[in-house]
Structures are given as structure tokens and as C-alpha cells.
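A.B. asks: Taken from Swiss-Prot, the feature topological domain 'Cytoplasmic' applies to 1-35, supported by sequence analysis. Feature annotation from Swiss-Prot assigns phosphoserine to Ser2. Residues annotated as N6-myristoyl lysine in Swiss-Prot, with similarity to another entry given as evidence: Lys20. Residues or ranges marked as transmembrane segment in Swiss-Prot (evidence: sequence analysis): 36-56. Swiss-Prot lists 57-234 with the feature topological domain 'Extracellular', giving sequence analysis as the kind of evidence. The O-linked glycosylation site annotation in Swiss-Prot covers Ser81. Per Swiss-Prot, domain 'THD' is recorded for 89-234, and the stated evidence type is sequence analysis. The N-linked glycosylation site annotation in Swiss-Prot covers Asn96 and rests on sequence analysis. As annotated by Swiss-Prot, disulfide bond applies to Cys146-Cys178.
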Amino acid sequence: MSTKSMIRDVELAEEVLSNKAGGPQGSRSCWCLSLFSFLLVAGATTLFCLLHFGVIGPQREEQSPAGPSFNRPLVQTLRSSSQASNNKPVAHVVANISAPGQLRWGDSYANALMANGVELKDNQLVVPTDGLYLIYSQVLFRGHGCPSTPLFLTHTISRIAVSYQTKVNILSAIKSPCHRETLEGAEAKPWYEPIYQGGVFQLEKGDRLSAEINLPEYLDYAESGQVYFGIIAL
């Protein structure tokens, strides 16, 4: 029933009761009826406004956990992806500490992982299936003192797609740990410079991915898990 109909019914009832009212108590009855009518109309109007603007009423159904969600943290997205399927391609390789002076990836070390079709060939990860992938990598540089010439450290993740066979940089970063030269005779203080990169990309079966740096002689192998490279199918 609409608010207008409720008001019209109240006015009609008031008119009928006013005609029937008589005697010395007629005016008092009309006054009480008017007060009741006012309260009824006010309540009906308030109820209509609350329903119209959605303040009260049936609650909206919450979005199904299986539906799309674009503001979930990356960790939650990965956890949901892993729970939905355990046969998605994944790889996590670490730096080969037995190859000084160069960055070589290895999959036979502790905490390394190669599963569901991903291969490590020619120091590159080979994508086994089409789809969205999280690509990530971290390197850690270490040195003592700063040379007279500028020192720039680069970390680049590249893709060679099967469709055009051209090496393209998809993630790249550059840092300079030295802002001034270490004076002759001054103490050469140690410095550390980590670089982490990650992103989601649409890849094709057979794509090759590489993670490279420009100055491998500055790599820090002191602790395991400091230099790594990996992909996760989403």
C-alpha cells in the first residue's frame, strides 16, 4: 500500500467518525482522532522513506566467494588459486652459488621447485601452457666502498614469445648504491642493495623467461633465499 493511499484512508475515517461524534465529548473525540491521525500519517511517511532509501528492508546477498573479486590481496588470490587446483604450473629457482661471476639458476637446491610442466632450459624458464602467470624475482647486491665512476645496478626480466621470437623486457629496475666516491684513505663501508620485481602477465605455451643482471660480481650469496626467480600460474 502506498503512502498516499494510507493518508486517504485515514482522512476518510476521520471524516466518518467526526460526523458520528456528538454531545459534549464530541470535540474531545475529534481532537484525539486528529492526534492519532497525525501520528499514523507521520509513521507511515517515515516507514516509506526508510524503505525507499534502503535504510531498512532485506539485506543484499553477499557476493559468492567463488565470484570475481578485484581488491583481494595477492596472497589471498594465490591461496585461492592453489586450493582450486593443484596441477597448475609453478617454478621457483635459486642462484647457483657454484658459478661465481655469473647468474645461473638452479632447480636442484633446497627450497627450489619445478612442477606441472615448467622447465629450466638455457638458464630460462619455459612456460608449459597458456594463461595468466605471476612472474617474480629478487637479487641482492653487496659491495665495499664506492668507486670514482658511477655504479649502476640493473635487474631485468625478459620474455621471448613463441609468436614473434624477440627478446622483450617486461620488468626492469635500476639502482645506484653509491652517491659519493669513497675518498682515498677513508674507511670503505659495506653497502647492500636489494631489487625485487613482480607482475602478472598473459603468457603462451613455449614462451621463455629470463632474469638477468648487469654486474654479477656484486651478487650476495651469503644467505640462501636471497637471489631467486619464479613463476606461478593463476
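Just so it is clear, glycine is given a Cβ too, placed from its N, Cα and C backbone atoms.
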A.B. asks: Could you tell me the C-alpha distance between the residue listed as 'N-linked glycosylation site' and Cys178 (disulfide bond) in angstrom, no decimals?
C.D. replies: 27
A.B. asks: Which residue counts does DSSP yield for the domain 'THD' (89-234) in the helix, strand and coil classes, in that order?
C.D. replies: 3 helix, 75 strand, 68 coil
A.B. asks: When you measure from the Cβ of Cys178 (disulfide bond), which residues in the chain that are at least 6 apart have a Cβ under 8 Å away?
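C.D. replies: Long-range Cβ contacts: Cys146, Pro147, Pro150, Leu151, Trp191.
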